[in-house]
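**Student:** Structure in structure tokens, see below.
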Amino acid sequence: MKVAVIGTGYVGLTTAVSLAMNGHHVIGIDLVEAKIVKLRQGISPIYEPGLEEALRQVLAAGTLAFSTQLSEAKDADVFFVCVGTPEADDGTADLTYLYSAVAAIKEVHNSALQKRVVVIKSTVPVGTGDKVADLLDGCQELSVASNPEFLREGSALLDAIEPSRIVIGVSDPSTGEVMEQLYKGVNAPRVVTTRANAELIKYASNAFLATRISFMNELARLSTALGTDIATIAHGMGLDSRIGPEFLRAGVGYGGSCFPKDTIALLQLAAQNGISLSILEKVREVNATQPVWFLQQLQKLVPDCRGKRIAVLGLAFKPDTDDIREAPSLSILHELTEQGAAVFAYDPVAEDAVKQSFPNVTYTKTAEEALAGADAALLVTEWKECVQLDWERIRQSMAQPVLLDGRNAWPAQTVKQAGFTYIGVGKS
Ligand code: UDX
């Protein structure tokens, strides 16, 4: 099929590459010319394992091209809308980019062509797909499908090639058939439903995952007070198939481009409909206070950070990405620098993204460099470069052997045997 993908961010680019890998003829569209120039050369604007290699392969195979002009894709069978829906000042999703993409499709649409589908992949409030359908009402042979995306940063391409499920929201069976044809050969369960259901599945999934994390983070605070081990507790809970093992890892809190934005947007959507999602309010509150709680643990070992050298390992909101949006590292760097600590930070790829906001932090090229001479070390993102370390050597290089493990990823027994004082989240 001929496919146009509007927006070349995480969702758009991985969608475009994975569809091209499946043999569709895809054109990726983005207004930002510099991005298109790079993409045409096979350079990915985002750091994502495997994406650049796959991009180069489909470019070489001729199944993927890029343009700033949607008119170059005017004969597409399917238009994917993968533009950002950022958080507006009031917490609702800002749909400006989405509606301008829809207007652009309307402009290039030629009603003489066969049935064509506008697929909304961007995360949008319930009812948006129906509004778009109203806007396109006069456009013969153009229908609208909601097809939310569940990919995770760091494994985005894999998630796009082997999705956990394909959710398709349509208002007529023939649009569903086009979508089936598009995803032919992709082995994943299908949920074919209304557009509104599809839209809410996306928000509900992210809100529920965020809820699991905040629940475990709050429980970790209790676990610290009781002297129990949250990782063992999570393991014991996760063996119950009704609970499952995923997303039970306590830490310094969730970040990223989805959970923070989507939870507030869902709360706003609920409020607009006269419903209070009180559990979700608390989820956000616990997440906002988790870095604060974590730094209180540091205070137990280093009561006054002024002039102390503190190593912060990991800045991205999770490993395998250079994304720092809503990353817990930001509030941790802010608080430590406010307290007058000399902060030495290391991240394999996210340093540049943080630098501008925190010019007083010293950025190192390795974890070892950040740790040398430190009075305490904080693990904020569990990159393997920050986890797999020679603890005997580090014990000798640090000024004080104090480790605060914000991801419960350092080997507690090993480091204690090496002479460190170790505190994890919900474990000691
Ligand atoms: C998330 C959803 O997983 C994905 O389905 C959706 O499409 C977009 O949002 P992403 O934000 O890329 O994906 O990352 P994810 O792996 O879900 O992690 C989000 C945050 O939660 C990270 O900061 C991570 O460190 C944190 N997390 C995750 C925990 O603190 N504990 C866990 O057990 C799992």
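Using N, Cα and C of the backbone, Cβ positions are placed for all residues, glycine too.
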**Student:** According to TrEMBL, Asp30, Lys35, Thr85, Glu153, Lys261, Arg325 bind NAD(+); which of Thr123, Thr228, Thr232, Thr362 is also listed for that site?
**Tutor:** Thr123
**Student:** Per TrEMBL, what member of Lys106, Lys202, Lys355, Lys365 joins Phe150, Leu151, Arg152, Glu153, Phe247, Leu248, Arg249, Ala250, Gly251, Gly255, Lys318 in binding substrate at one site?
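**Tutor:** So the substrate site in TrEMBL includes Phe150, Leu151, Arg152, Glu153, Phe247, Leu248, Arg249, Ala250, Gly251, Gly255, Lys318 plus, from the candidates Lys106, Lys202, Lys355, Lys365, Lys202.
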**Student:** Using a 10 Å cut-off, grab the number of neighbouring Cβ atoms around the Cβ of Arg152 (substrate binding site), all chains included.
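**Tutor:** The answer is 15 other Cβ atoms.
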**Student:** So which of Lys35, Thr85, Phe150, Ala250, Lys261, listed as binding-site residues, have a Cβ under 6 Å from an atom of ligand 1?
**Tutor:** Phe150
**Student:** Tell me, roughly as an integer, the mean pLDDT over the domain 'UDP-glucose/GDP-mannose dehydrogenase C-terminal' (311-412).
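**Tutor:** It averages 97.
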**Student:** Per residue, counting other C-beta atoms within 10 angstroms of the C-beta, which of the binding-site residues Lys202, Lys261, Arg325 reaches the highest number?
**Tutor:** Lys202
**Student:** If you count the C-beta atoms lying within 10 Å of each candidate's C-beta, which of the recorded positions Leu248, Ala250, Cys258 ends up with the smallest number?
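**Tutor:** Candidates: the recorded positions Leu248, Ala250, Cys258. Fewest Cβ atoms within 10 Å: Leu248.
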**Student:** For a three-state summary based on DSSP, what are the helix, strand and coil counts in the domain 'UDP-glucose/GDP-mannose dehydrogenase C-terminal' (311-412)?
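**Tutor:** Within the domain 'UDP-glucose/GDP-mannose dehydrogenase C-terminal' (311-412) the tally stands at 33 helix, 18 strand, 51 coil.
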**Student:** Of the binding-site residues listed here (Arg152, Lys202, Leu248, Ala250, Gly255), which is spatially closest to Thr85 (NAD(+) binding site) when Cα positions are compared?
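**Tutor:** Closest candidate to Thr85 (NAD(+) binding site), judged by Cα separation, is Lys202.
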